[in-house]
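Features reported for this protein in TrEMBL:
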type   : residues : note
DOMAIN : 1-156    : domain 'DH'
DOMAIN : 168-290  : domain 'PH'
Amino acid sequence: GYAAEMDNPLMAHLIPPELQNKKDILFGNMEEIYHFHNRIFLRELENYVEYPELVGRCFLDQMEDFQIYEKYCQNKPRSESLWRQFSDSVFFQECQRKLDHKLSLDSYLLKPVQRITKYQLLLKEMLKYSKNCEGAEDLQEALTSILGILKAVNDSMHQIAITGYDGNLNELGKLLMQGSFSVWTDHKKGHSKVKDLARFKPMQRHLFLHEKAVLFCKKREENGEGYEKAPSYSYKHSLNMAAVGITENVKGDAKKFEIWYNAREEVYIIQAPTPEVKATWVNEIRKVLT
């Protein structure tokens with residue numbers, strides 16, 4: 001109803017010049033998502049109408065395809081920003097009038113984001129009533145996989161907000177974890193006064209753990225609405241995982257662990273918000289190191 005009209009010569013005079021040729025930014029890969037559901041996933045689901053407890057299999061078979069949602073979510077901030085600039089243009093108003101929609105286009109552009117988050121709720125609900133059915137294991141595995149995709153979507157939304165990193169983030173391998181921590185540093189080479197100061201006052205840092213490096217960024221809250229007020233992360237420094245070591249327990253605090261670099265030339269004491277978050281990070285870092 002909107003995308004087709006952007007290509008309609010009779011509507012061209014209503015489209016602001018800055019909006020022309022921006023269809024891909026505004027709609028992302030929504031068409032790809034539509035075709036996946038229409039041609040593949042819906043048909044699969046229909047096979048299980050009589051056997052709903054076996055529907056987990058359906059998700060597992062198509063799990064790779066669900067990654068198209070990650071692409072959609074990554075583009076969402078650009079799409080939102082474009083929509084905000086032109087939301088009151090005559091073109092959009094005319095499309096909405098023709099379609100007789102109560103809601104404006106942005107409500108529909110949000111649908112894929114809402115959809116991908118809804119699957120895990122549906123699967124949880126189905127699991128509740130399928131405890132001893134033959135499909136229960138598949139349902140559980142499907143739920144775990146969907147939660148994995150949601151985590152990847154969430155992580156990548158943060159990763160695209162990193163500013164000031166010179167290299168190519170894709171070269172650092174897969175993004176495994178991201179989160180906010182208090183960090184104290186202790187550098188051997190540092191001036192002793194600096195060392196004393198560093199000991200007492202932590203820095204707030206947002207860490208991104210990749211397979212090949214861990215990035216330390218400073219979180220900046222942006223002013224604005226919607227995705228505009230999503231934080232951005234200014235890059236401070238990174239450590240190559242090949243030269244990193246880890247100490248799991250720091251005296252007197254169950255939430256702290258140490259990352260050290262180049263045989264303890266640099267030591268970072270990191271305090272997680274909870275002991276559980278610490279445990280998850282320590283496990284992931286261990287996996288990378290081994």
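Any Cβ shown, glycine's included, is placed from N, Cα and C.
Each residue of the domain 'PH' (168-290) gets a DSSP state, and the totals for helix, strand and coil are 35 helix, 56 strand, 32 coil.
On the 0 to 100 pLDDT scale, the model's mean across the domain 'DH' (1-156) is 93.
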